[in-house]
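Read the structure below first, then the notes.
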Amino acid sequence: MDKVKSVVLAGLSGGSGKSVVSVALIAALRNRGKGVAAFKKGPDYIDAGWMSKAAGQPCYNLDPYLMSPEAIVSTFQRHLHGSAYAVVEGNRGIFDGVNAAGEFSTAELAQLLDLPVLLVVNCSKTTRTVAALVLGCQAFDPRIRFAGVILNQIANSRHESIIRQSMEQYTDLPVLGIMPRLKQDVFPMRHLGVTPHQEYAAAAEAVDNLAALAETHFDLDAIAAQMRGVVPLPPKVAAPAQPLVTIGVLRDAAFQFYYQENLEALQQAGARLVMIDALQSKALPPELDGLYIGGGFPETSAQQLADNASFRQSVRERIDGGLPVYAECGGLIFLGRSIILDGREFPLAGVFPVTFTLAAKPQAHGYSTFRVEKDNRFYPVGTRIKGHEFRYSRVHQWDGESDSLVLNMERGTGFAGGRDGLVKNNVLALYTHVMASGTPQWVEGFIAAARHHAGLTVAGGAEG
């Protein structure tokens with residue numbers, strides 16, 4: 001079996017240009033006519049989406065906090081099939097983790113996967129100091145094998161020349177490419193950072209432009225030569241020929257935050273997935289045994305969601321009829337009564353008596369852990385789950401009590417009063433995002449709830 005040339009892209013900090021370089025490299029390698037497997041370290045959806053766009057196939061998240069080391073290695077090696085290259089984009093600075101010891105850092109991930117690191121350095125307003133920074137990274141942890149350096153934000157040829165000379169004089173690492181300073185952001189920005197590619201009409205053009213920059217300014221042959229060959233593991237067992245249940249997935253401009261692993265895990269466990277556009281569909285399909293509403297930006301599509309009254313009514317009616325629904329973050333918001341934006345109130349599904357609004361600053365950002373304390377259809381009481389939160393939305397008004405929430409936040413913010421998890425009938429709606437590759441209970445609970453609704457078996461948890 002052919003080995004897949006693989007590398008980790010890391011930076012000195014967040015904002016160093018890793019995402020731009022990663023998308024450019026993936027797109028340029030793909031233009032060589034060979035497949036590229038894309039992976040994103042951490043729980044990020046948006047960067048992973050752009051990497052998926054560049055690769056032309058799903059990008060998989062590798063998160064050392066949410067996943068076991070065995071799950072990370074398995075996820076990585078099982079998704080190399082059909083590709084000649086693999087690019088893993090890190091997050092934050094290379095040695096930054098959840099504590100002073102750098103636990104769960106990009107450096108640890110590179111060690112776990114035994115991959116070389118291509119270091120992206122933001123060279124804005126600096127020259128010779130770049131060599132000092134690179135030397136510091138090499139000395140900080142000699143176990144990391146650095147493949148070379150990509151110089152980002154290069155102003156002109158003189159700027160590049162001085163840094164290259166400094167690198168040659170003081171380090172033993174090659175400069176394998178540069179990214180020139182661009183007059184405007186390649187990726188459009190907004191309140192939550194980079195705009196998802198699904199909402200950017202010129203996304204394909206942006207990826208093509210980055211590929212052209214990489215083909216001009218990167219030494220692609222030298223980069224490929226520095227990558228390590230990895231033997232793929234066999235793919236996971238295919239989904240059953242006859243699915244056991246049918247689960248709907250709201251997937252459109254408003255709801256787009258889904259880990260590919262979550263969708264595939266449901267399929268491998270026996271679910272047929274039906275993608276549904278909440279902005280265009282008039283009602284939920286009648287054959288559903290469950291509904292998955294992921295995160296996203298319902299606020300940017302608030303008018304369209306409000307205008308689609310028949311769909312909102314359909315969701316309410318199916319929930320009243322006992323349909324199991326798992327809703328995360330943006331999905332939780334959608335199940336609320338309304339959202340207030342710039343003084344205007346937009347009606348939502350109205351399942352829960354809560355009105356949301358947006359704040360100017362993040363209301364929750366980071367990893368979280370909750371313990372299940374009360375009955376619900378998806379998780380047994382006593383289960384402890386790791387997840388993450390990232391949101392600007394906040395509760396404006398809620399006609400409820402925090403004691404009614406079924407999840408106790410041991411780490412993180414949750415919905416209210418240090419708790420998360422609104423329940424009605426067979427619905428569980430929460431701010432916390434979970435990853436199936438680190439939380440097998442999520443898949444088990446979802447499939448059991450759907451089977452119970454379909455009359456195939458009796459599931460544990462809350463009764464509808």
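Placed from the backbone N, Cα and C atoms, the Cβ positions cover glycine too.
TrEMBL lists Cys329 with the feature active site, nucleophile. Among the features that TrEMBL reports, domain 'CobQ/CobB/MinD/ParA nucleotide binding' is placed at 8-183. Summarising the annotation, TrEMBL assigns domain 'CobB/CobQ-like glutamine amidotransferase' to 246-437. Annotation comment: TrEMBL describes His433 as site 'Increases nucleophilicity of active site Cys'.
Annotation for His433 (site 'Increases nucleophilicity of active site Cys'): same-chain Cβ neighbours under 8 Å, separated by at least 6 residues, are Pro43, Phe257, Gly295, Glu328, Cys329, Gly387, His388, Glu389, Phe390. In the three-state DSSP reading, Cys329 (active site, nucleophile) counts as coil.
All protein chains shown were included, and the count of other CB atoms within 10 Å of the CB of Cys329 (active site, nucleophile) stands at 25.
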